[in-house]
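Worksheet: the structure to be examined is printed underneath.
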Amino acid sequence: MLSSFPVVLLETMSHYTDEPRFTIEQIDLLQRLRRTGMTKHEILHALETLDRLDQEHSDKFGRRSSYGGSSYGNSTNNVPASSSTATASTQTQHSGMSPSPSNSYDTSPQPCTTNQNGRENNERLSTSNGKMSPTRYHANSMGQRSYSFEASEEDLDVDDKVEELMRRDSSVIKEEIKAFLANRRISQAVVAQVTGISQSRISHWLLQQGSDLSEQKKRAFYRWYQLEKTNPGATLSMRPAPIPIEDPEWRQTPPPVSATSGTFRLRRGSRFTWRKECLAVMESYFNENQYPDEAKREEIANACNAVIQKPGKKLSDLERVTSLKVYNWFANRRKEIKRRANIEAAILESHGIDVQSPGGHSNSDDVDGNDYSEQDDSTSHSDHQDPISLAVEMAAVNHTILALARQGANEIKTEALDDD
């Protein structure tokens, strides 16, 4: 065996000179083999043993094996062939698909005698190489295969149930969910942490107050509901995974949830940027009515879409204006007006000028970032205004007030002199 090792090494080096192309699965398998501590000689010896065992199986059961050659010392394409074969078997275990005919062997169930031969084969490998543990590896591979099948079936079952809930009456489902939360004693705050939807939004939706949840968030909520019903307590330790803002896949169906990853991946909305044409339309409607109803918001959204619509081109979901975005813009606009009014009132009061307080804004003007993911870049930046620019703005208002105060004092003195 040692005498054939230089020949095998030369053949392996010839493969490097030919620059073989390996798949990702093959590279992953090779890296995992190397991390186990096996040397090249041990790997080649194990592959030769597997070839011999496969040949014995094919001779015993009358089945032809296409494992890529009978010996690694006489073939010039043994290393890539063995890697391809290992890859094909791995793909068969994880995906349940039959490998390609060019680099596979028969994966059909063997008779009961195969198990006996398998135990003998494992004993042979164990005695020839102390670092290998074929029995343990075989058990792990079978566990991975069964788990992947169960996870996929469970995920498909959850998706079907979510689609069924989407077709049902929303009010009936809300009552079911409220009863479910009460019976399990699950707080809305915990649900908000898991799903990424704000607690206030969940509360308003369950109480049938305010606007309805978007289709994306409703699917996410129903998915959590189904997972929690199937496996109680499994989702409570999960947290929503962060999603890049530039990811355009938020409008697609949510990705499958992995029970082992510890995260509940939900697609979040991308920040919406208003165009100048739409802002002009929004301002005109805002001057008419600052609190439009749902029908009016739909009218405003259609007007904005008509302005930005190009002939022969359909607006994408990222470009289309919806009633929810209109609601968000109006709420931010009202907040901005009241914020500036509060600043001016505070400055006037600091100079002893009594003014009527503009009052606190209503709860309807509060727009939670988690409630409405499509934010307005033209107005939301005011909530995080730079302190320096705010100080300059306040100083300008202060200067104007002082100028008016001096002008009023001069007029009073002039009137007093005229009376004398």
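Just so it is clear, glycine is given a Cβ too, placed from its N, Cα and C backbone atoms.
Checking Lys218, Lys229, Lys296, Lys413 against Swiss-Prot for the annotation SUMO2 cross-link singles out Lys413. According to Swiss-Prot, of the residues Lys161, Lys178, Lys276, Lys325, Lys161 is the one noted as SUMO2 cross-link. Checking the candidates Lys40, Lys174 against Swiss-Prot, the annotation SUMO2 cross-link falls on Lys174. Looking up Ser148, Ser171, Ser211 in Swiss-Prot shows the phosphoserine annotation sitting on Ser148. Helix, strand and coil residue tallies for the DNA-binding region (267-341), in that order: 47 helix, 1 strand, 27 coil [DSSP]. On the 0 to 100 pLDDT scale, the domain 'POU-specific atypical' (145-241) averages 75 in the predicted structure.
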